[in-house]
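Visitor: Supplied in structure tokens, the structure appears directly below.
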Amino acid sequence: MQIDFILPDIGEGIVECELVEWLVHEGDVIEEDQPVADVMTDKALVQIPAMHSGTVTRLYYQQGEIAKVHAPLFALDIADAAEQAANDPASTATATAITPATVNGASRIKDFILPDIGEGIVETELVEWLVKEGDLVEEDQPVADVMTDKALVQIPAMDSGRIVRLYYQQGDIARVHSPLYAIEVSGEHPPHVHTIAQLKPQSSAVSASTPAQPAALQAGVIQGKALASPAVRRIAREMNLDLSRVAGSGKNGRVLKEDLLRLQQAPAASPAPVGTATSPATQTSSQVDTPVSQAPVSQAEVSQAATKAAVPAADQVANRIEPIRGIRAAMARQMQDSVSTIPHFTYSEELDITALDNLRQQMKARFEKDGVKLTMMPFFMKALALSIEAFPILNSRVNPDCTELTYLGDINIGMAVDTPMGLMVPNIKQVQRRSLREIAEEVGRLTQAARAGRVSQDDLKGGTITISNVGAIGGIVATPIINKPEVAIVALGRVQTLPRFGDQGQVEARKIIHISWSGDHRIIDGATMARFCNQWKSYLEDPVSMLSYLR
């Protein structure tokens with residue numbers, strides 16, 4: 001069966017790329033994960049691997065041409081590969097048999113393509129497989145949990161059938177519009193049966209005389225161009241390492257980031273070449289003479305290239321590199337964009353919320369009877385919505401070149417929630433129309449969902465202004481970063497019991513909280529922020545004044 005390989009999303013906002021080099025020719029038999037082409041985006045050189053084993057039947061582009069994302073890059077005949085694997089003695093020595101069930105006409109194997117799971121989402125982290133290869137699943141049964149840069153999403157099965165292949169390991173990055181898993185389903189159209197060769201190397205069957213795999217590859221050192229991702233190549237350049245001389249522990253000798261880190265952390269005293277396996281295949285192939293230019297990198301060379309400084313002390317703790325992914329990566333991009341494009345200014349004030357706290361204590365028991373937890377947050381949100389009605393510029397949007405201002409009708413207040421996965425900011429829609437009880441219910445629901453990583457995309461989109469309750473953890477004042485494209489954000493400090501003078505000059509213990517506003521100085525001036533904050537403060541210090549406006 002012939003299939004087209006669709007060029008997937010290979011970077012945020014990337015819609016096309018230049019075909020730098022084909023690494024295969026039409027008619028070549030290739031294996032899954034084998035590099036097929038090098039393409040250049042506007043950010044990096046990316047290597048495109050094959051998603052299936054098969055015979056390349058057509059290359060749709062010439063070197064130097066522009067390839068479009070989501071368009072066919074090359075055509076692959078996977079049925080021919082299965083037949084060749086079954087008939088070729090050299091292949092059968094290192095391959096498992098093809099599953100008969102895939103060609104008996106009663107069932108077919110098809111790939112589940114990871115769909116768009118959120119606006120702008122191009123990749124996800126595979127958090128957990130909820131099934132195993134060989135499991136029978138029902139339609140809509142959860143198959144995997146994946147983490148986007150905004151939330152934890154559960155992927156359901158689109159068909160009932162048997163899982164035959166999981167394309168990713170836990171922790172891997174899965175690309176949108178690429179196969180996530182393969183499933184065997186009952187088919188009504190036998191001519192379109194998908195036959196996939198399960199070519200898995202058996203190291204015990206390989207000897208030094210086997211021509212199916214180069215000796216240098218068996219030894220873990222790649223002759224010519226090494227198999228590695230762009231990220232690994234970048235790390236190697238920073239360490240001044242020749243990837244072709246590094247033993248790769250990945251599939252088909254692919255060099256992984258862990259291989260480089262392992263070499264960097266290894267003691268410099270041992271000059272022995274680095275190997276990645278002790279299988280018979282590796283032991284046999286290591287006896288083959290290797291040219292000096294392709295000699296494996298020694299640990300001493302790696303240590304010297306990586307540290308370029310004095311020899312570290314014996315008790316020095318090695319550095320640890322951790323990728324920034326998911327929600328933390330999204331936050332990093334959002335904050336960088338905000339501070340680089342919005343001129344921030346901060347306005348601080350002190351609020352006496354003694355009366356508000358007394359009112360909350362009176363109402364708390366009634367809310368708890370209905371299973372609703374009443375915190376200070378619903379009061380702050382309701383007072384904020386009332387104040388915005390008098391100062392709508394705090395609930396607006398400005399276009400990039402600052403020539404147009406849009407006043408938003410709904411007041412959707414976001415609340416920053418600290419979660420194990422990073423900062424999330426779900427928002428409560430139409431706060432101006434909600435009662436205090438409805439707001440309290442939404443605060444509880446969104447807080448629980450955020451901490452479990454189960455916030456929906458609808459709850460994360462559409463915020464118009466944000467409250468950050470950093471004081472719940474600690475701190476008195478802050479300089480919050482605006483959640484672009486919003487124009488203002490407020491940080492609540494820790495509630496303190498402090499001495500203050502009463503109306504008669506007596507010293508009293510009062511509940512005091514400091515708040516810190518950040519505003520977009522392109523459209524909000526200091527006087528406007530001060531007047532707005534005074535209005536908000538009046539509602540919170542005298543909560544009875546809000547009663548006539550509550551809905």
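The backbone N, Cα and C atoms fix where each Cβ goes, and this holds for glycine too.
So TrEMBL has the following annotated:
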{"type": "DOMAIN", "residues": "2-77", "note": "domain 'Lipoyl-binding'"}
{"type": "DOMAIN", "residues": "109-184", "note": "domain 'Lipoyl-binding'"}
{"type": "DOMAIN", "residues": "227-264", "note": "domain 'Peripheral subunit-binding (PSBD)'"}
{"type": "REGION", "residues": "266-299", "note": "region 'Disordered'"}
{"type": "COMPBIAS", "residues": "276-287", "note": "compositional bias 'Low complexity'"}
{"type": "COMPBIAS", "residues": "288-299", "note": "compositional bias 'Polar residues'"}
Visitor: Can you count helix, strand and coil residues in the domain 'Lipoyl-binding' (109-184) using DSSP?
Guide: 0 helix, 40 strand, 36 coil
Visitor: Note the mean pLDDT of the domain 'Lipoyl-binding' (2-77), expressed as a whole number.
Guide: 84
Visitor: Mind checking how the domain 'Lipoyl-binding' (2-77) divides into helix, strand and coil residues in DSSP?
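Guide: Residue counts in helix, strand and coil order: 0 helix, 40 strand, 36 coil.
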